[in-house]
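> Residues or ranges marked as transmembrane segment by TrEMBL: 17-37, 77-100, 120-144, 171-189, 195-216, 349-371, 377-402. Here TrEMBL flags 41-225 as domain 'CAAX prenyl protease 1 N-terminal'. TrEMBL lists 228-463 with the feature domain 'Peptidase M48'. Annotation comment: TrEMBL describes 294-313 as region 'Disordered'. As annotated by TrEMBL, Zn(2+) binding site applies to H327, H331, E407. Annotation source TrEMBL lists active site at E328.
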Amino acid sequence: AAMALPGDLWAELPAERRIFCSVLLFSWAVYLWEAFLAHRQRRVYRTTTHVPQELGQIMDSETFEKSRLYQLDKSTFSFWSGLYSEVEGTMILLCGGIPFLWKLSGQISGHAGFGPEYEIVQSLVFLLLATLFSAVTGLPWSLYNTFVIEEKHGFNQQTLGFFFKDAIKKFVVTQCILLPVTSLLLYIIKIGGDYFFIYAWLFTLVVSLVLVTIYADYIAPLFDKFIPLPEGELKQQIETMAKSIDFPLTKVYVVEGSKRSSHSNAYFYGFFKNKRIVLFDTLLEDYSALNKEPAEGEDDENEETKSKTKNKKQGCKNEEVLAVLGHELGHWKLGHTVKNIIISQMNSFLCFFLFAVLIGQKELFAAFGFYDTQPTLIGLMIIFQFIFSPYNEVLSFCLTVLSRRFEFQADAFAKELGKAKDLYSALIKLNKDNLGFPVSDWIFSMWHYSHPPLLERLQALKDAKQE
């Protein structure tokens, strides 16, 4: 007999085997592509040992070397953690981990007196077990990242007790949101009839708007301390700037990010006429706990924080903080926030529509070991996580490109407010405080960087400074 060609063998495979193999192959293809990019970037970290000429004015060689070693460690870590999660995911699929967990959930809910007809109860048990599993397997990686890598490079400010308390709190809060929302979503899909995808989409839209509204007031304070920015020059300047561009500012907060890490940031949130600005204390030179000298007789916990601090004098001067905020408010004024919401909702609607088209396909369930039952939650998982993964990769790349465009536009907005010089120096300081490495491989940066590389941003601002 003539030898069968690979194409013929593929065609002879039952549909569910083909689906299963395609999902696995695609997953590994993405992993290998990411690994290839990371390898290219690691080569940049290894070989760029001297400050490039165009950076001479911006970075001293000590900071450059620190950031090089930090990024090299991070990249090596993410290589191993990425390999682990790819292998773990593959083993779960090959060994039938998903149907096994579903069966186990059925037994648990059965013991509690909920038979197979209570599919939603079984789905919630399944979710709880799955998130518990990923929390436990992710824990060693998270510990290593925080207490070895971040610690070694002077960023970690957490104690082990704080870390575990935080992790447990995060898990509990997540479950309190995830389980009720999922049960409602499954219920809507079950009773929604032919147009269930429209109701499901509207429901997720409402949930995301509610979460955005309550997140900063009720959820974030469970993890970090938010204090109103004290009256003074900075607060007045922020209010004046907000007024000048009609930003409906109601409150300015400082969040104690320094309890966790010495990385810095700023953001705004809230709907319509009720906007708040949040500044990390690590962003503000005057408020950063890392800049303060311990007072006589201060508690030991602060002593501990102080002794960990390797890089003194952190954060930005008021003018620079205003420039950073000018950039953030630029995102609002130029409608970037609204555009992002619209894109994500259009995408969400499309996904629910395609889900409605595909959910009837028995082969999809069979491919993942569900021959007799087609649970809705499993359908959501298979379709959103596995079947859509090629689409998600393309979408995520397009959003990265769009985000870089938005960043340049927001920089240009801050420049129009007359903040070019201060933003220029703030970007350099923040890059230094966060040990960002300013040299990158072009493909890696194109694929991954949602913010343009530092040099490109500075170049764009420099043209403005000279104008």
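FYI, residue positions are counted from 1 along the chain as it appears here.
Just so it is clear, glycine is given a Cβ too, placed from its N, Cα and C backbone atoms.
Would you situate these features in the structure and describe their surroundings?
Confidence across the domain 'CAAX prenyl protease 1 N-terminal' (41-225), taken as the mean pLDDT and rounded to a whole number, stands at 94.
Tertiary neighbourhood of the transmembrane segment (171-189): same-chain residues 119-120, 123-124, 127-128, 131-132, 135, 196, 199-200, 203-204, 207, 211, 219, 222, 376-377, selected by CB-CB distance under 8 Å and a gap of 6+ residues from either end.
Listed in sequence order, A410, D411, F413, A414, K419, L423 are the same-chain residues six or more apart from H327 (Zn(2+) binding site) with CB atoms under 8 A from its CB.
A sphere of 10 angstroms centred on the C-beta of E328 (active site) encloses 19 other C-beta atoms.
For the transmembrane segment (349-371), same-chain residues at least 6 beyond its ends with a Cβ under 8 Å from one of its own Cβ atoms are 14-17, 19-20, 23, 93, 96, 98-99, 102, 196-198, 200-201, 204, 378-380, 382-384, 386-388.
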> Which one, 17-37, 120-144, 195-216, has the most C-beta pairs under 8 Å toward the transmembrane segment (377-402)?
17-37
> Near the Cβ of H331 (Zn(2+) binding site), how many other Cβ atoms are there if near means within 10 Å?
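Around H331 (Zn(2+) binding site), other Cβ atoms within 10 Å: 20.
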> Near the transmembrane segment (195-216), which residues from the same chain, at least 6 beyond its ends, have a CB less than 8 A from one of its CBs?
177, 181, 184-185, 188-189, 226, 269-271, 276, 278, 345, 348-349, 352-353, 355-356
> Six or more residues beyond either end and a Cβ under 8 Å away: which residues meet both conditions relative to the transmembrane segment (77-100)?
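That would be 20, 23-24, 27-28, 31, 34-35, 38, 42, 137, 141, 144-145, 149, 368-370, 378, 381.
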> Let's check the environment of E407 (Zn(2+) binding site): how many other CB atoms sit within 10 Å of its CB?
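The Cβ of E407 (Zn(2+) binding site) has 21 Cβ neighbours within 10 Å.
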> About how far apart, in whole Å, are the alpha carbons (Cα) of E328 (active site) and E407 (Zn(2+) binding site)?
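Taking the Cα atoms only, E328 (active site) lies 9 Å from E407 (Zn(2+) binding site).
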